[in-house]
Amino acid sequence: METTLNYISILGSFVLAISGALTAMSKRFDPFGVLIVAFATAVGGGTVRDMLLSGKSAFWLEQTSYIHFILAGTIFAIVFKSRLFHINRPLLFFDAIGLALYTVTGVQIGLQYELASVNCVILGTITGVFGGILRDILVNEVPVIFKKEVYATVCILGSILYLLLHRIQLPTVILQTVPVLFIIILRLLVIQFNISLPSLYADEREARRNNKKL
Amino acid sequence: METTLNYISILGSFVLAISGALTAMSKRFDPFGVLIVAFATAVGGGTVRDMLLSGKSAFWLEQTSYIHFILAGTIFAIVFKSRLFHINRPLLFFDAIGLALYTVTGVQIGLQYELASVNCVILGTITGVFGGILRDILVNEVPVIFKKEVYATVCILGSILYLLLHRIQLPTVILQTVPVLFIIILRLLVIQFNISLPSLYADEREARRNNKKL
Amino acid sequence: METTLNYISILGSFVLAISGALTAMSKRFDPFGVLIVAFATAVGGGTVRDMLLSGKSAFWLEQTSYIHFILAGTIFAIVFKSRLFHINRPLLFFDAIGLALYTVTGVQIGLQYELASVNCVILGTITGVFGGILRDILVNEVPVIFKKEVYATVCILGSILYLLLHRIQLPTVILQTVPVLFIIILRLLVIQFNISLPSLYADEREARRNNKKL
């Protein structure tokens, strides 16, 4: 199961690389700019997670298959760019799978390091969402996950579910399958019904005035 | 004293979380976007400091009370947002306290790792200011501390003062209280009299032309 | 040779600090904002590299001469700003030297940690280019290296050359000199003939529409 998860997680990096590459291409980056953004999108979340933990090198330094899949994803995105910009449903499906796998990996590493529950949830969420945040910082945009459809919330709920199932000591196969499926399905429902949290709107002029002083 | 500092430092994270949350709300982020920015603002400085040091996990992975206070700060900011955007004096006061405590913690960890003085000053400054830098990067703004009132300078001066007092081997209570008070008072004076360093203005068109080539 | 490389690498930090300081001045940052951007530009690449590796503190925490040279570079840039904005050829020359030295250092550390070849190339590239990326993120611009002349590509090719020479077990002096010269010359040719990779242009409106959904 461990290795199955691992394989699917590598597939997740393939999909996230495509997402990063498409964003970079839409910003007219050159090929190596595209590759760097794809790389940061695909490994960003797990890398930040590993940096936070002492005694842990970035995961892709130990398992190079990630890099091959990122290269493959980037080339795939470059070759099929015109088609990929049209069909986005399949991409969103894979993105949801990547998100689910990454989140669960993050929680598992938190448990392995015997961290508090709240920290496991945070590590799961960081692993799931930080790649997309880095992608948007690199192309100089406000991270899309802060505003659009429910995204981080799905990771947080999925992480909490994992911890609950872990506490009642379910067999490993259920423990790993259920939260992954939960995140995928929840994320697909969010996309399907275009669910978004209300923005905590505050009067912008006043806010800005205040921020200046702060 | 150690623990007193620790408690007040946790309070600092509460205030910085409010600052992050207010900024994110003024950008119309959704609730979890607000939480993520609040979190990054509150722990960003110390986390970057801990990443720089080998063998040190991020401090909030070991002491979860920070996270509870950040959650509390975020919820507080969301609930009282309309009032908080009006009264900003009290916030600035707490922000100065947070800044002072964070800076001193950074210098202390540098001394503990037996780093050179200049590195202790840098760690102190990073711990103090990097949360605000991250906050502004996440909302896609030029970090406010680079342009507005004296901010990093206060950390640098406070860090140097700490090192000087440390060298003449003052009792711990003075060693920790004086730089903290120094930073708070200096920062409040800066706000009160609206002191800012002159920008090193360079002709913008030429600068830009040059940067393009560089 | 090791120490020669080290000395020149410190000189590289001097030049990168100038580049960072000039960019920050063109954005009208205050003096300490300028210093922080100069610092991030000069040590950013190597620092990210060191964060990725477990058991490695940031290099400038162990060797403070870097910091003195960055301070010197920043002061130099502030004092001679009006002239520096005019003459940029010499700067680009030093920038190329810094890039070459940094890249080679990154690859060497990868080999020292017995990483896979592809990871050595990545570490070399990160060390070479990440300072410039951080500089542009801090001043809230799209990183220039993603769009303008060939930059990251030069690091990648130089890193691969180093690994090839390393595999055929050439004497150390050749192993270290050839890739450094290769990167410097290639980079200068790129500047001289204004070589840039074609952007992988994709229709922007469609791209944006797609990204929103993603």
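Count begins at 1; order follows the chain as displayed.
Cβ atoms are placed via backbone N, Cα and C, with glycine included.
As recorded in TrEMBL, the features of this protein are as follows:
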DOMAIN    B:7-81  domain 'Glycine transporter'
DOMAIN    B:93-167  domain 'Glycine transporter'
TRANSMEM  B:6-25  transmembrane segment
TRANSMEM  B:32-52  transmembrane segment
TRANSMEM  B:64-80  transmembrane segment
TRANSMEM  B:92-110  transmembrane segment
TRANSMEM  B:116-138  transmembrane segment
TRANSMEM  B:150-168  transmembrane segment
TRANSMEM  B:180-202  transmembrane segment
**Q.** Sequence-remote partners of the transmembrane segment (B:6-25) [C-beta within less than 8 Å, at least six residues beyond its ends]
**A.** 33-43, 65-66, 69-74, 76-78, 81, 84-85, 91, 94-95, 97-99, 101-102, 105, 131-132, 135-136, 138-139
Q | Close approaches to the transmembrane segment (B:64-80) from elsewhere in its chain (Cβ under 8 angstroms; 6 or more beyond its ends) | A | 10-11, 13-18, 20-22, 25, 31, 34-35, 38-39, 42-43
Q.
Treating G and I as helix alongside H, and B as strand alongside E, what does DSSP give for the domain 'Glycine transporter' (B:93-167) in helix, strand and coil?
A. 61 helix, 0 strand, 14 coil
Q: For the domain 'Glycine transporter' (B:7-81), give the DSSP counts of helix residues, strand residues and coil residues.
A: 62 helix, 0 strand, 13 coil
